[in-house]
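Over in Swiss-Prot, the protein carries these features:
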type: BINDING; residues: R27, Q28, A29, G30, R31, F46, D77, Y154, T209, H327; note: substrate binding site
type: SITE; residues: D77; note: site 'Transition state stabilizer'
Amino acid sequence: MTELKNDRYLRALLRQPVDVTPVWMMRQAGRYLPEYKATRAQAGDFMSLCKNAELACEVTLQPLRRYPLDAAILFSDILTVPDAMGLGLYFEAGEGPRFTSPVTCKADVDKLPIPDPEDELGYVMNAVRTIRRELKGEVPLIGFSGSPWTLATYMVEGGSSKAFTVIKKMMYADPQALHALLDKLAKSVTLYLNAQIKAGAQAVMIFDTWGGVLTGRDYQQFSLYYMHKIVDGLLRENDGRRVPVTLFTKGGGQWLEAMAETGCDALGLDWTTDIADARRRVGNKVALQGNMDPSMLYAPPARIEEEVATILAGFGHGEGHVFNLGHGIHQDVPPEHAGVFVEAVHRLSEQYHR
């Protein structure tokens with residue numbers, strides 16, 4: 001077993017005792033940091049940054065040099081899997097990700113390959129191995145993937161969407177085609193996450209960014225069902241240590257009980273869910289991650305500290321809380337405010353772990 005100097009994040013996910021509440025930030029390696037912007041400029045564009053193991057490692061480590069974070073998260077993108085399926089990912093200025101050949105019907109789905117994670121996605125595994133080597137056991141490394149439903153939204157819509165009418169049309173008019181796509185994605189994601197674990201990821205997270213746009217019944221059938229399949233297929237132990245799995249559905253606060261039934265170790269919460277309520281509902285089954293509104297980082301330091309204190313008090317005493325934002329950090333947040341946030345979590349949480 002590789003020695004970890006700080007395993008607080010892994011312990012909290014497994015609801016084991018910790019000295020203070022661990023903290024990391026979604027998108028902690030990102031555009032709010034001037035050093036990230038410099039490295040991205042050096043890479044040329046976003047996907048070149050993802051595909052260069054040394055540079056992906058550099059941006060993964062940048063926030064850890066600034067803040068006493070309790071975990072590193074692989075620098076990559078959820079769209080690596082659809083890209084490896086040959087959909088032609090590109091980024092349009094101001095528009096975000098686009099695909100040159102979106103999936104429109106069952107025939108398109110049938111043509112999609114299941115990517116080999118050490119081949120088409122080998123650059124991700126190289127990044128994982130490089131980051132693990134450079135972390136030198138300081139903190140654990142989190143691997144991740146998008147959920148099948150969330151990946152499918154981009155693949156069918158051809159990019160980002162506000163109303164999701166194209167994929168919902170497929171869901172209601174041709175559900176078989178969508179289920180075939182989701183099934184292929186679930187297999188691909190399982191292979192992808194297991195390859196990340198074998199390459200050195202010590203925990204994994206499934207981001208279901210768009211699960212919250214579904215009705216409860218559709219969420220069960222088209223999103224949660226496939227995440228459950230992935231959880232069932234994941235390696236749960238590696239290098240002599242349990243590999244915790246976190247599920248995060250943005251806008252999924254009303255479905256926590258069903259999510260906790262999947263056998264995952266933790267649930268991510270967005271900022272619209274009350275953490276005290278979430279703990280009452282599922283805290284005996286899973287750890288909870290979250291859940292400060294990322295926009296709170298625009299507030300003055302004293303207000304940020306007050307919000308941290310409120311969320312810590314909401315969760316209360318005992319184990320099973322990983323502090324995070326309720327979604328990714330915004331790109332124009334002052335880096336010092338992120339520092340205030342991280343420091344406040346450690347300082348103010350000590351009383352809850354005595």
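Backbone N, Cα and C atoms are what each Cβ position is placed from, and that goes for glycine too.
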Cβ atoms within 10 Å, counted per site: which of R27, R31 has the most, among these binding-site residues? R27
Return the residues near D77 (substrate binding site), defined as same-chain residues 6+ apart in sequence whose C-beta is under 8 angstroms from its C-beta, sorted by sequence, else 'none'. F46, M47, C50, P97
Do you know which of the binding-site residues A29, T209 has the most other C-beta atoms within 10 angstroms of its C-beta? A29
How many Å separate the two farthest-apart Cα atoms among the substrate-binding residues R27, Q28, A29, G30, R31, F46, D77, Y154, T209, H327? 23
